[in-house]
Amino acid sequence: MEASAGLVAGSHNRNELVVIHGHEEPKTLKNLSGQDCEICGDEVGLTVDGELFVACNECGFPVCRPCYEYERREGNQLCPQCKTRFKRLKGSPRVEGDEDEEDIDDIEHEFNIDEQKKNTNIAEAMLHGKMSYGRGPEDEENIHLPVIAGGRSRHVSGEITISSHAYGDQMTGASLHKRVHPYSGTDDPGSAKWDEKKDMGWKDRMDDWKMQQGNLGPEHDDFVDPDMGIVDEARQPLSRKVPIASSKINPYRMVIVARLFVLAIFLRYRILNPVHDAFGLWLTSIICEIWFAFSWILDQFPKWFPIDRETYLDRLSLRYEREGEPNMLAPVDIFVSTVDPMKEPPLVTANTLLSILAVDYPVDKISCYISDDGASMCTFEALSETAEFSRKWVPFCKKFTIEPRAPEMYFSEKVDYLKDKVQPTFVKERRAMKREYEEFKIRINAMVAKATKVPPGGWIMQDGTPWPGNNTKDHPGMIQVFLGQSGGLDVEGNELPRLVYVSREKRPSFQHHKKAGAMNALVRVAGVLTNAPFMLNLDCDHYINNSKAVREAMCFLMDPQVGKKVCYVQFPQRFDGIDRHDRYANRNTVFFDINMKGLDGIQGPVYVGTGCVFRRQALYGYEPPKGRKRPKMVSCDCCPCFGRRKNLPKYAKDGTNVGGFEDDKEILKSQMNFEKKFGQSSIFVTSTLMIEGGVPPSSSPAALLKEAIHVISCGYEDKTEWGTELGWIYGSITEDILTGFKMHCRGWRSIYCMPKRPAFKGSAPINLSDRLNQVLRWALGSVEIFFSHHSPLCYGYKQGKLKWLERLSYINTTVYPFTSLPLLAYCTLPAICLLTGKFIMPEISTFASLFFIALFLSIFITGILELRWSGVSIEEWWRNEQFWVIGGVSAHLFAVIQGLLKILAGIDTNFTVTSKASDDEDFSELYAFKWTTLLIPPTTILVINLVGVVAGISDAINNGYQSWGPLFGKLFFAFWVIVHLYPFLKGLMGRQNRTPTIVVIWSVLLASIFSLLWVRIDPFIVKTKGPDTKQCGINC
């Protein structure tokens, strides 16, 4: 994958493909040619006569001698380009099918066994580490694996293991471009050692085995290997569960059970004691309270088994990064998505990309893909500038180990940047780098300012070529490799991670599925170009705050014990730029630090859309490998008359069932439906079977780019399972919930990782209107899932792999918006009670008051104990409670209405990207007012409750002392509503304490209509008591 290949644009359906260079005319893509072998990438080399080695005299396809020898001996003996059979060249050994030749040199070489064996070993050694294709079942008889004694068997990155994984064999057939490259076992030291032991006696071999196990041998301390402690440490688990202390969790569970019992008694009392003179109000309150109880159960019980986790990064390095050996850490593809450069500033995206390129991970294992779903030339040029600046920024970060590695956040931190720095040149280089970054910012800002005025003829590139994405809704697919294997070096000459720009093809007549479709396009592009076994998904505003974040995830995904069944590792979301009091609960700490910890103890946290490392095979719809189970005996061997023994499943050496993926792939191979599942791309289908990742080395970079253009074409997903069973699932604007839910239903589990230093940080909308619109989008997605066939109420029971507490959590995720209906009614009841003089409860006795006291105490104690084991502050908990009411009576209510309109009337709503821009002034967005209809319902509730409080107090003053007793319950009810809506009231007032006229007019109008309606039904007047004039006859 060349970094200098230029922008590749094209459409597979239209058979168009061009390469646009910076200052050159467009030209068609052509196959690469030169002195490099097109199979292994090495130099072709020269013959003994000093001439260029030519393997095929028909077409001259460049192939080196080792590959030529290997193809003749083990391959199909055909030229990869013209399919002509390789002829025997001078010095080559005979193979089956060669014509008899009378050449004395050939005869001499034919019987030179030592020379043949030497050439064979050289060819196999060169191809062994380069070819990344799998081995088919037909080759099992000829496999000679080296036996490694006293060590461990490992595979090189990008190479496919033969039987060390539990996912089954690879697919066979020429259509998948498969090649077979056996391991060389003839010269392996382990094999020689094993052969020597064959001549030893049984007792000697047993003593030698005991010596290796440490049970037999010299008793001298000098015999102990000094490196044995390191080896033992590397064998330890890479992570562990940290259960919550029993002194904290057991009282919490007991209070939950007690609260459930008290709640049942309270509801029984409320149902059996109706209020006859206010039956409508009483019935409404009963329905609301029953729903609140049901909602509390859905939210509370998934938090029954909270856990913490610890990771051991030093053990990860000891196991996979041994000195003097190839780095064995798994490759990772990182995906960043953006749409509109006006709402998602390129400078924010650039900081995210720079933090990715500087991550603490082997550079050859990291590939960054950015999806520009808006096909913006501004984003493209900003990415080019980012790639150039990264050549200076990345070595600076790694030289001085700075954190965070996003320059904007690093230079704006108000901390002592000299702490722990010992290099004398740090201050000088930091000042120079800050100046470089400021110049970089100016260039990016100039691009954004220029992009606001689109030329009449559209954007033009530097070479005069029109920008392919001028029409954002009708343009070809585009791919540009900015940093890669060639041209991807920093100022110090070190290699940089890959950086690839991707803009998928869009046509008006196709459904593109918004962000979910863009992510699936990235999955396929990465599968063709790099095919890493793991993928990290980030929003464009979520930068890497902890440079070791990827290593943290690998402690779970690469753990030999628990990693095979983990589909993804989710990190909590942390945010910058939020006001100190977090007025609108933007940090969402209760969810990330309480709910997600509880789910981690069941089957794992839900996927929240960003900050998540996926296992590629889980996204491909495969089921996790099955663990070893105790076999059930049908009969013993001595009693054949009672039947036969069941065929036991095959297990790998690590104890995992070789079924799992193998069974799935055997079914797919037998039904020949790979294209129906993954699409019509043989290279991509081949990549889906490479469990350990890697790309075909025989494919040229040009061929890979051409295939990448194919897999992002707008019609590629037609008649496939993309979006239904594979990748990000379609059907909701909150595709993250659906995607994680499908994985959990297949039996996967997820992990929640909370390192001490937050792994990722992003920006949140601190403005009231933006925050409500964001919550509206989330709630609308939940409503869509609730009414879809993927609803947790009915989906996934057939497989039976989703745990019931995990199902309760997913049900709560889709049901919570409907709480807005009873919440709206319940927040209106205090005003109605104060205006009408009625109440939702009858007069209670002293004994009945104990139910209310017990209920309030259980609610209070549950919250305190929850904060105790989670570490969440009481202020954060209270802000979350307040915004639950604010969002419930506004955004959640509109989400339910819009969802019903979409289901019943087919009226769809537009997806709005949350603005991630920020002003120079701190928290200026917090006080800015943006009109939205979401503000009307909570403002109306505030007004009528304030009116009700004034009316209730006036009524008590007019009626005397005896009216104050019943008033206290009503006032408490009203003040509960007002206190919860207080942050909303502050947001309306703004910094200048001015509320927009339109909000005042609408709210007062609705409150007046509502109040007059109740006055008409039950007029609020002072009733005087006196004698009955009909009985006494006195005309009063």
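Just so it is clear, glycine is given a Cβ too, placed from its N, Cα and C backbone atoms.
Automatic prediction, not curation, is the source of TrEMBL annotations.
As recorded in TrEMBL:
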| type | residues | note |
| --- | --- | --- |
| DOMAIN | 37-83 | domain 'RING-type' |
| TRANSMEM | 249-267 | transmembrane segment |
| TRANSMEM | 279-298 | transmembrane segment |
| BINDING | SER337, LYS343, GLU344, ASP373, LYS514 | UDP-alpha-D-glucose binding site |
| ACT_SITE | ASP373 | active site |
| BINDING | LYS515, ASP539 | Mn(2+) binding site |
| ACT_SITE | ASP736 | active site |
| TRANSMEM | 815-835 | transmembrane segment |
| TRANSMEM | 847-865 | transmembrane segment |
| TRANSMEM | 885-905 | transmembrane segment |
| TRANSMEM | 926-947 | transmembrane segment |
| TRANSMEM | 967-985 | transmembrane segment |
| TRANSMEM | 997-1017 | transmembrane segment |
* To do: List only the single closest residue to LYS343 (UDP-alpha-D-glucose binding site), chosen from the recorded positions LYS515, ASP539, ASP736 by CA-CA distance.
  => ASP539
* **Rounded distance in angstrom between the Cα atoms of LYS515 (Mn(2+) binding site) and SER337 (UDP-alpha-D-glucose binding site)** => 8
* Site extent for UDP-alpha-D-glucose (largest Cα pair distance over SER337, LYS343, GLU344, ASP373, LYS514, Å) -> 16
* Structure fact -> In the same chain, residues at least 6 away from the ends of the transmembrane segment (847-865) whose Cβ sits under 8 Å of its Cβ atoms read 248, 251-252, 255-256, 258-259, 262-263, 265-266, 269, 273, 300, 877
* Just counting, how many other CB atoms are there within 10 A of the CB of LYS514 (UDP-alpha-D-glucose binding site)? -> 16
* Asked: What is the number of residues in the domain 'RING-type' (37-83) that are helix, strand and coil, as DSSP sees it?
  -> 9 helix, 4 strand, 34 coil
* For ASP539 (Mn(2+) binding site), the one of SER337, ASP373, LYS514, ASP736 that lies nearest, given that the recorded positions are compared by Cα -> SER337
* Asked: Which one, 249-267, 815-835, 967-985, has the most C-beta pairs under 8 Å toward the transmembrane segment (279-298)?
  -> 815-835
* Per the definition of 3+ C-beta pairs under 8 A with sequence separation of 6 or more, do the transmembrane segment (815-835) and the transmembrane segment (249-267) touch? -> no
* Can you give the mean pLDDT for the domain 'RING-type' (37-83), rounded to a whole number? -> 78
* How many Å separate the Cα atoms of ASP736 (active site) and GLU344 (UDP-alpha-D-glucose binding site)? -> 20
* Least buried by Cβ count (within 10 Å) of the binding-site residues LYS343, LYS515 -> LYS343
* To do: Count the other Cβ atoms sitting within 10 Å of the Cβ of ASP736 (active site), across every protein chain shown.
  => 24
